[in-house]
């Protein structure tokens, strides 16, 4: 029976599963509502209580909304960041670098957070570039910068691999030319002098006299490369006073083939295999004493699985915070219930069953919770937008987080849990002494 | 439906056990109007609330017809009130956020669907006969007289056999109170309902069939009118 159910469940589309989950999570709330209000019409009186204490009620709703908004906003954000980092790493199938930390190299080569790393020499580059399974082997030479933009030396083939057709201008064809990322403020035709290093430690004057001209602009990629300026790798070598990867006869050439004897070294090589399976063979082949080969996607997946644990903790903490806020609100309701205790006593005196008074107070509290949750959904939407724009501008990784089923499920679970908690003030209101309250 | 009242050996206590009121024997016929008077704190309202079955700690018997309220559970007493008793309070106790009809037909919220139409119709009829504004205004804009008339319509809307009123004119000016007395007595007599009213108002008491003095937690003398 249970296996049949599992089969049935797994045969459903993801959308159907999400909708069913939502329904199941809301079921306790709906069932409680039906059971509590069965046979009664508490709406008008609950509405009267809501209106009578409207400012206090609005405060309660706002408190619930803000706690839910922040909770779901953060969870949606975490998912958005994961998708954003994965999208930014999409084009980086396989990276070959000198042995060291995969994470450090991934941050440097994929997310352009450079570190000092050893270089791979020309022989290794040639070995990779000429491998039968390799479609594209591009040096990625980072370490220079212009203002907040990393200046990365590479090949025209890599630019096309990364961004496709250029949005404006043309590909660099000579040393001293550059293609700008979509968010670089330099216009086509403008020139700049790269600094050695990045950030506060950059040496502004180190490459003085090596003016570089912007000749093209890439379309947006949603990655830190949108802020980068891509130059021929030959240009990077030249400004550092090194040979430019080509023999003197071909010294004006831009891009491969490079001559191993004139190849000064590169911190990383992006490898794109001609077949998917070949990536695995290449990774095995270049995982050896003098080289390290890794899939940025796999490293990212490891990081994400670590973050997955944190996400679960975050989800639990978010629900817990929301429940605590609601418990606070319900405690406030118990205090508020004293203010309308006389009206409730009147209902009892007129012959209303205790269960009716229970239903009125519960409906009142449940309305606050449901309105708070609905407003929280709106607050979450705004929070996600605000946090996304902050994260995007801080990391240059395009984060387009939106509220999705997990957040709807979270809110549904919250509503079900707290409307059950709302039974408590309802019970307390029902158990009061009628005569004492009538004479109050 | 008319319900004779027979109270015997009644003792009403606080939940802590302190005796608030005793009554060895009290009877009222269906359709009688009875006033309860006495100094503050003498036990008049306690007796009235006991007749409504609102006191949790009672011994003895309060029989309305065949029903002994003392023997009933809270839920059964509430059901009895729902079906047979209309209550009127000194300070009206209306829901300020509802209209006159919303208040007068309040019982529709907790009565079965089968009774709701009748309650609304009866409430409308009484509001009209009591000249209460029937628009959608909430009662917080009403005068004291209009509010108490709304409360009377609420007490009568479910067509109870018994009306219990606690100082119904105490919050009203003389002229309004006199008008209200006419309405209350007129309606209860016309509908042949039993009326028991706690009051200090001689104008109300003189219209009653009988007036009972309550002192020190005991029902004292009985007088046919004042």
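Glycine too: its Cβ is placed from the backbone N, Cα and C atoms.
In TrEMBL, the annotation transmembrane segment applies to A:60-77, one of the ranges A:60-77, A:78-95.
Mapped onto DSSP classes, the domain 'ABC3 transporter permease C-terminal' (A:318-433) shows 98 helix, 0 strand, 18 coil. Residues of the same chain lying 6 or more positions beyond the ends of the transmembrane segment (A:20-40) and with a Cβ under 8 Å from any Cβ of it are 12, 355-356, 358-359, 362-363, 366, 405, 408-409, 412-413, 415-417, 419-420, 423, 426. Within the same chain, residues 53, 56, 60, 63-64, 67-68, 70-72, 74-75, 78, 361, 364-365, 368-369, 372, 376, 406, 410, 413-414, 417-418, 421-422, 424-425, 428 sit at least 6 positions outside the transmembrane segment (A:313-336) and bring their C-beta atoms closer than 8 Å to a C-beta of that stretch. Using a Cβ-Cβ cut-off under 8 Å and counting only residues 6 or more beyond its ends in the same chain, the transmembrane segment (A:60-77) has close neighbours at 311, 314-315, 318-319, 321-322, 325-326, 328-329, 332-333, 368-369, 371-373, 375-380, 382-384, 387-388, 391, 399, 401-404, 406-407, 410-411, 414.
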